[in-house]
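Feature annotations, reproduced from Swiss-Prot:
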type	residues	note
ACT_SITE	Asp514	active site, for protease activity
BINDING	Asp698, Asp773, Asp774	Mg(2+) 1 binding site
DOMAIN	509-578	domain 'Peptidase A2'
REGION	12-19	region 'Interaction with host AP3D1'
REGION	73-77	region 'Interaction with membrane phosphatidylinositol 4,5-bisphosphate'
REGION	110-129	region 'Disordered'
REGION	279-365	region 'Dimerization/Multimerization of capsid protein p24'
REGION	447-482	region 'Disordered'
ZN_FING	393-410	zinc finger
ZN_FING	414-431	zinc finger
ZN_FING	1151-1192	zinc finger
Amino acid sequence: MGARASVLSGGKLDAWEKIRLRPGGRKKYRLKHLVWASRELERFALNPDLLETADGCQQILGQLQPALKTGTEDLQSLYNTIAVLYCVHQRIDVKDTKEALGKIEEIQNKNKQRTQQAPAAADKEKDSKISQNYPIVQNAQGQMVHQAISPRTLNAWVKVVEEKAFSPEVIPMFSALSEGATPQDLNAMLNTVGGHQAAMQMLKDTINEEAAEWDRLHPVHAGPIPPGQMREPRGSDIAGTTSTLQEQVAWMTGNPPIPVGDIYKRWIILGLNKIVRMYSPVSILDIKQGPKEPFRDYVDRFFRVLRAEQATQDVKNWMTDTLLVQNANPDCRTILKALGRGASIEEMMTACQGVGGPSHKARVLAEAMSQVTNASAAIMMQKGNFKGPRRTVKCSNCGKEGHIARNCRAPRKKGCWKCGQEGHQMKDCTGRQANFFRENLAFQQGKAREFPPEEARANSPTSRELRVRRGDHPLSEAGAERTGTSFNFPQITLWQRPIVTVKIEGQLKEALLDTGADDTVLEDINLPGKWKPKMIGGIGGFIKVRQYEQVAIEIFGKKAIGTVLVGPTPVNIIGRNILTQMGCTLNLPISPIETVPVTLKPGMDGPKVKQWPLTEEKIKALTEICLEMEKEGKISKIGPENPYNTPIFAIKKKNSTRWRKLVDFRELNKRTQDFWEVQLGIPHPAGLKKKKSVSVLDVGGAYFSVPLHEDFRKYTAFTIPSTNNETPGIRYQYNVLPQGWKGSPAIFQSSMTKILEPFRKQNPEVIIYQYMDDLYVGSDLEIGQHREKIEELRAHLLRWGFTTPDQKHQKEPPFLWMGYELHPDKWTVQPVKLPEKDSWTVNDIQKLVGKLNWASQIYPGIKVKQLCXLLRGAKALTEIVPLTKEAELELAENREILKEPVHGAYYDPSKELIAEIQKQGPDQWTYQIYQEPFKNLKTGKYAKMRSAHTNDVKQLTEVVQKIATESIVIWGKIPKFRLPIQKETWETWWTEHWQATWIPEWEFVNTPHLVKLWYQLETEPIEGAETYYVDGAANRETKMGKAGYVTDRGKQKIVSLTETTNQKTELQAIYLALQESGPEVNIVTDSQYALGIIQAQPDKSESELVNQIIEELIKKEKFYLSWVPAHKGIGGNEQVDKLVSSGIRKVLFLDGIDKAQVQHEKYHSNWRAMASDFNLPPIVAKEIVASCDKCQLKGEAMHGQVDCSPGIWQLDCTHLEGKIILVAVHVASGYIEAEVIPAETGQETAYFILKLAGRWPVKMIHTDNGSNFTSAAVKAACWWADIHQEFGIPYNPQSQGVVESMNKELKKIIGQVRDQAEHLRTAVQMAVFIHNFKRKGGIGGYSARERIIDIIATDIPTKELQKQISQIQKFRVYYRDSRDPIWKGPAKLLWKGEGAVVIQDNSEIKVVPRRKAKIIRDYGKQMAGDDCVAGRQDED
């Protein structure tokens, strides 16, 4: 009888009773049919409980079907009934029995087909299991074949560059993504990085240098290649420009192999290192907020530089906590200090938004900030599903609402607060049974079940449970604390039917707890009192019952009084009328999914941050919130054995009296392992495939549905304090993912993916896009079937503890998803409304531009250039900006565009992608990506000027790169381009200027604003045209300059300039030559800057002078521009150089000064680096630094670079446990030598230095000005060991930055091993061993020991090579060419071989046979005079 009572309930029962017995008939299925079917199954020896599930019905149908042909009519009726029941369980919409039988037959046929296809699919899968992990794999024939790099990898690389912007993290990410790649794959990765031309040019230069070095070290063997042997790769082959893919695979898989992919990858990483250094040249100490700089911009600069800092994570955390506040401007600093140490970055940015003006404004804001609500950081509370509205708190002592008895200020009422009698307290009152458990309850098992701890529940397989909680009158807090068991509620899981023993008017009965039943119905019980007859809809039809009022019922010691019905019910039922009185709730437990293991960072312990004091109001609010969370199993109480703590606080919700609990997890986040975000971006609707049926779901209480790893829970401990320390604080820890913890997003995404995986496999026809807690579900099923699948998905998620609230379940279009509006056959952005304003502030315009940028992805033609021009310069957010005429016109055009709604189409994989680009006006481009005309998948705009001097072709290539990157991300492939440019113009540009080998597939489209090149540069000198040697010079101090030219026909002209620079004078000289010359001209310059601008063929520029040069170039018929190195004795160049330098240049003519100045302007390198890199005297290198205004910071010490030469050590004394530790650090490697010395004297220090010099090559020591380091003993030791000693800047710890940092690191390690050693000196040596041998990191992932050995080993051959080079460079070579009998020279000797020499003549490197070369020693330029500095500098 039990099975008959619980086969169907709720919505399924309603669906059952709507199905007709026959098509067109009147009779419908009723519960009596299920009762009959249950009895019939018992006759056939089948378990009636199988009727409760779809799988059970399927098993019954499988047993009955073979007997149908020979069975009776009753057997056929039974089969029909179970077939209809199966459809109800599966939520298949049927109207009658015949339709249900048809559906069953259809399902059975599909199952047969799957069974037949399974072996074939298994064979196919076996054949296709080729490794996808590496680009080169072995096929079935044993041949090595290449797999193209996947769009997913390219997408990840593009995201890395876009998000990290060449910060140091880019290099290991590139290395990981390019594992095993061929040069062609590596070029594909480089070509997807479109918007970083300067960085790509640097990378190209590095690759060219490395390729040339490869060719020098691997000369080509003379003679033909033997048959069957491959040629050896040249540098350009390794770079993938002159080799085919087949050759690359053959080299990489040959015997012996030549790993061209790894070699090319190494070159790229060298280039990336240079780029990273260029993008991160600033010290974190220099990052200070300007007086009017927005706080948001300051924070961006701070963290961008912080990521590039070479420091430990602890140091970086300290910098974030202290330097960020210290270096803010005074107004922001006042606010930040008022916020306190608990403030997050988001709170700081909210507080400091728009700050400026007088200091009193900052104080006012700081006071107001105490009431600011940060909704984004608030921790969402997850309520139980069936608890009803939250009850207001009422005092049991005075009877007033708003506080509890524990906090009541009224005189304490005598006696019991429940019954009023004296002699006992409320918790002992017999009228209220506070303790739910007794020694023996009338359970079937004979004992009361205990409520398991939260840890067990979190991993239990239950999908839902019943729990009895407190009644309508809550216990006082004092009572709850005294009883100690008020939260150990009975728990009944629903894996079995919830049948318990209850006491009704003293009689014991077994009854089913049924939250779906309205009334309590019992059978075979005699109750006292009057009754009245009643008819109710029961199991098997209507039944007649007797209704008794005011019946006493007791369950688990809880008493209730209510109405009871007595009649012929198949099972005794306790309905909602009694359960609600007892506080019984239906609870969804924490997800039973497997927890993700989480650890702390190596060597770190959990947070031990003290709880700061809280107001009484906040303590009360937190106590209530935590009680609710504990009931729901999200947190658990802990004892004093847990030593960890994280501070908590509470803030009020905006426009509400309710409170939010916030936990300051910053310290735990610093100590928690790092996580990789499993999703690199949000999905775009243009990449969605068109689906017949769509639904959008939202997962409720997402984080609180996923359990936290059991071993990690202790680190989330927090404490609720008491007012005036009245009682010890209440301690809790989290059982679920906490809000604000760094691991919650990644673990939730990973868990959700695992949960959805089986559903995706079982339902391949259903597409699910998952982003955090938003789910987009699409299919080509009919709407009824689709909704059944949605219900299956919701049920699947519910089984794992994830609820999908009905109010956020979108069933009908349009669907609002991720900021978009989705329709069945089209999509658009959610409606964009532009505000109408008389006056616009900076903040208004920023929001307006953001809206227009968002709308531009589907509304073609939107422009924002003029609006963005209004935001130039550092302006306050509240500053009113007048609109220019151009901006007003642009805004009016955009309003017109947005009036008509525009929709995008969905992606069809069977059709090709087409991208069409149009030029809208000056520096503004729009594009559309579509598959069918007039049905755009996506539109966009481009209006960036990436360089000051550009032209339309260059901008068009940037647009193409942007579209290609977008397409790879969204669709995984590159579209065919339709470009407004002639084929000849396009191909000319790509041939001359593109930095890599990839050219997209494209075709010409004749739309307005055709792109063209306005002038053409000749590639060879023009015969018969006059040659102009041009040059310019300027004095940095006086800003005076000269520009001029000298021609090969004797003409010359020099003009004086004021308020100019070296770069401007070089351009002015070219402009002068263009003005004075005829229609055809050759110009020779020694300026790389000017050459780079003009070779790019710009047709517009931000510089007025460059625009004037462009106008002159357009007038020329032919124009040739060449570059020669400065100060090399080249005739015309040397003449014009002397003319323009007269009275202008102060610095001597030394080879490398110009390059050093250019590099210093870019990188602000120190004088030592320039002296080394460009072979300059120290006095000249220091003069360059001294003349740079950015390197002379007023009122501040100069922050130079740490000298990392191989022989430099920093020494310092530090103190621990009252003893002195002398520490020496090898600056370049971080290797440590340390000892405990008896006294801080010169003698002990000198002995330590000599011992250090006996172990390692020490050339220089850098110390502070302590008396022991300045002593005569130390000076004597340094003199004897030939060690140079330098001293730091007094009272400036940064001058000893390396050793100071290592002191902290050493002390930290000593603290970790101190309990293992009896004496401090032992612990110091243990810590030194750990640091040098057991800690790896930095470049290459080496330990300090490996790094110092590698540095010394590399330094020895480098010095030997330098000796050989210096010997060779003392010689000069005079030589003859094969056809020219005249001797040329002198040239530099680079290498001398048996049969030939390699020489450098000017900038050209040549190979000359020994018989045609004369090698002589160079004795200097005697003609120039002995004291000619210029002459001496030309000697190498």
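Using N, Cα and C of the backbone, Cβ positions are placed for all residues, glycine too.
Note that the coordinates shown come from a computational prediction; the quantities given were computed from them, not determined experimentally.
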- Quick note, Asp514 (active site, for protease activity) and Asp698 (Mg(2+) 1 binding site): C-alpha atoms separated, nearest Å, by 29
- Note on the structure: Within 10 A of the CB of Asp514 (active site, for protease activity), the number of other CB atoms across every chain shown is 23
- Query: In the same chain, who gets a Cβ under 8 Å from the region 'Interaction with membrane phosphatidylinositol 4,5-bisphosphate' (73-77) while lying at least 6 residues past its ends?
  - Reply: 40, 64, 67
- Message: Applying a 10 Å Cβ distance cut-off over all chains shown, what neighbour count does Asp774 (Mg(2+) 1 binding site) have?
- Response: 17
- Task: Specify the secondary structure state of Asp698 (Mg(2+) 1 binding site) as given by DSSP, simplified to three classes.
- Result: strand
- Item | Integer average pLDDT (0 to 100) for the region 'Interaction with host AP3D1' (12-19) | 86
- Other C-beta atoms within 10 angstroms of the C-beta of Asp698 (Mg(2+) 1 binding site) total 17
- Tell me whether the residue listed as 'active site, for protease activity' sits in a helix, a strand or coil according to DSSP. coil
